[in-house]
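Some features that TrEMBL has for this protein:
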- 32-207: domain 'CP-type G' (DOMAIN)
- N78, K79, T80, D81, N106, S107, G203: GTP binding site (BINDING)
- 258-296: region 'Disordered' (REGION)
- 260-274: compositional bias 'Polar residues' (COMPBIAS)
Amino acid sequence: MGMASRSIGLKEIGEALKKAKSGWYSLHMAAASHAIAQRIPLADFILEVRDARIPLSSHCQLLSNFPPSSLRRIIVMNKTDLANRSQLKEWTKYFEQQNCISYGVNSHNKEDVKKFLNFLQAQVRELKRIDHSGHTTTMMIIGIPNVGKSALANSLHQLGRISAAEKGKLKHTIVSPHPGETKNISSLKIGSHPNIYVLDTPGILPPQIHDSEVCTKLALTGAIENLVGEKELARYFLAILNTSDGYKKWERLSTHGNDKSFTGQEVEGSSDSKLNMKRKRQYPSDHTQDFMVNRR
């Protein structure tokens, strides 16, 4: 499949998903969006969780309704185990250039979450140093469906209680591979001295998504239910895979067999040169070759 068939597939699938918006934007999601919007100004920090594979397409559009200067926002790129590590570094630089704090994490990796918790506690200490406030710090976790918000909240809660040597029953929020499972806003304690709580919220999407490519990416990563059929979605995914850098490298290796010119070092070197080109492009869109979509 070439670029032309990939473009056609993207447009067809994206347009079908846009027309089927009623399948993923429900009255419950509308109510959740309203409730979250009311609470955003009350939170000390906003942890916007995004899918590390598509860090632009998975942004939470609701936040665009608030002036950036009014929020202490941290962009959390979750599911780093499924994303390209080299490109994650580039995305971190990109967000830094946009004056945004970002952090990459795998919510299912204990050491990863522990480092992230230390990072959050450092942010809170800096806030306390500036405003000399002794009140409890609240961090609202928000984002689109199925980016791992609840899994991250649970992991932070578990590690936070262990590090504080607190006793009592652990609270848990619902974690599911399917979008829309979290129904309510839940509060979980993740730190003591000072006290820090995270608010886990339902995943929300805008009433309309006008970009066909964004719709397709969200369907591929499970943020919205697949309403166009598995075959059509798989066809587009294969088109992405066949035009990806990784596929081309393996194709060259298999073609040249034992050719010594195709060593691991040279492959890595070619990847570095491509990364340099990507730096110049300033990431106008997500890199779709990063998809690693598991069957649900």
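Cβ coordinates are placed from backbone N, Cα and C, and glycine is handled just like the others.
Whatever TrEMBL says is automated annotation, not expert-curated.
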Cβ neighbour count within 10 Å of G203 (GTP binding site): 23
Other C-beta atoms that fall within 10 angstroms of the C-beta of N78 (GTP binding site): 29
Residue, out of the binding-site residues T80, S107, whose Cβ gathers the largest set of other Cβ atoms within 10 Å: S107
Per-region confidence, the domain 'CP-type G' (32-207) (mean pLDDT, whole number): 88
Greatest inter-residue Cα distance in Å for the GTP-binding set N78, K79, T80, D81, N106, S107, G203: 21
Other CB atoms within 10 A, centred on K79 (GTP binding site): 25
